């Protein structure tokens, strides 16, 4: 019987800076899904890679004094090392600079042109370089990119266009079906914000830069990076190449996984491209939330990255995998903090899982030496643990089909918690004190071993290194580490190995101080590197700030504010939350990163200068409705700006 196919993809990552745990999130999730489906008997193909063309990379390479290819090569090598470090079991890594991909993209562009779905015209509108996205003025939010909030530039150039408007009905029907894009909130967003207002034809070439795939019949044009990038999902399988057997075998994809900011490309533009080529559509697109850090999205451009190499080296690969797969609520934005990482390590890994395995292995070794055979009839205390154990695989399978990774992990931890409670209820140490009690004890310890074995077999998809250690401790044979083997009780008689604890407990305060020290050292090294003059430069020149016109300055509304109240933000050492009177109907809440320089008591009663028309943003769950202006000295110290004299709250500054 032929195996069921399962083709899963990450987005291809843009190599524009240091990789961080936000980058890791999608890939670790996809790896868990790929591993689970392999264990579940499916024929899996797992694709990841890098998106290496575009204006942003060309600019970055120029600033670094290297070619674009040289610039991306080093970053791609780092990414492959990271995936190896995190036990990522991808089947193929595609680079959009791979020759076979570039040739295939040219053939695709040619075919769409010959079909009449691509035509030549002139583009005039707004362009976001970091996102490589085109926008109309009506789509901008406060004049900025609606995806990333950064400045856009006006662009006017001869371009080729894809007839996206032609596929309005196809895309709308697809999204309204409810079977394609998940979670549901993303569907509503795409329909209401992009599709129902009317799809406009998409600019698919540029002439203002040359780092990309050339239009085959018009070499001064470079193919739009998103057309180039999206087709990696089929070119990696050989579509439009010399050997398309993998394409015939695995396409369409079972699931495209990505962060929410690129859902528009995958759920609106990608289906239109595929329909134009008469290709089947992927079964499912899932746009998960962001990893937030100090209230904002973790991002290379924002500089708020957390180094996964350091974390995995210090705490183990599975600690990081556990945090991403269980602590982050899948589909929603999730917070990262060092404190949450260390505390979840202690409570969930060292205590709930590690301590359980150590206690059970030690008791089996002490009383029997090997996994005992269960004896006698079940007692009332056995029922719930055995039921949870027997149902675990089907529960996890059902959650991963949605897919809901964090809820699947909940099911595993439910069994572990119940097993710990079962020990308290049955008191094995009391049973072991008599020969009569040992009859019952053999069943108790077997039930515990079976619960742990079942959890470990399932955890092979999520925490592979830890799962292998657990199964080794219990002496579980390779044949009893499969999903099929869970339909029968484990064999008794296997030799257990008490060994070392899986996770040694951590001193939370000590670890947090150490991580803060590491972060400070990295920041200092980065600052020193940025100060270092370029090789061959005889003298450094001060950079001249970009000039703005009076019309730009007029957009900023500055007002005098009066601090009515102030408090520290929980679990955020740098943040203060101020209640500020701006002479409006009610005061505003403003979150500022100044806790290092001012106490809440010092803030109360101060007059401050506030940027009053800044777009509100959530920081640590608090909606911040403005910005307090500060001056910084050469040592990095901050001082609040204040008006001279007693100016009333709400006074405009000009």
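From the backbone N, Cα and C atoms, a Cβ is placed for every residue, glycine too.
Residues or ranges marked as Zn(2+) binding site in TrEMBL: 128, 131, 145, 148. A sphere of 10 angstroms centred on the C-beta of residue 145 (Zn(2+) binding site) encloses 20 other C-beta atoms.
Among the features that TrEMBL reports, compositional bias 'Basic and acidic residues' is placed at 524-542.
The domain 'TRNA-binding' annotation in TrEMBL covers 552-654.
For 524-544, the entry in TrEMBL reads region 'Disordered'.
Per TrEMBL, motif ''KMSKS' region' is recorded for 297-301.
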Within 10 A of the CB of residue 128 (Zn(2+) binding site), the number of other CB atoms across every chain shown is 21
Fewest other CB within 10 angstroms, which one of the binding-site residues 131, 148? 148
Residues flanking the Zn(2+) site, with Cβ no more than 8 Å from the Cβ centroid of 128, 131, 145, 148 and excluding those residues themselves: 129, 130, 133, 144, 146, 147, 149, 150, 152
Do you know the mean pLDDT across the motif ''KMSKS' region' (297-301)? 46
Counts of helix, strand and coil residues, the domain 'TRNA-binding' (552-654), according to DSSP: 6 helix, 43 strand, 54 coil
Local backbone state of residue 128 (Zn(2+) binding site), from DSSP in three classes: strand
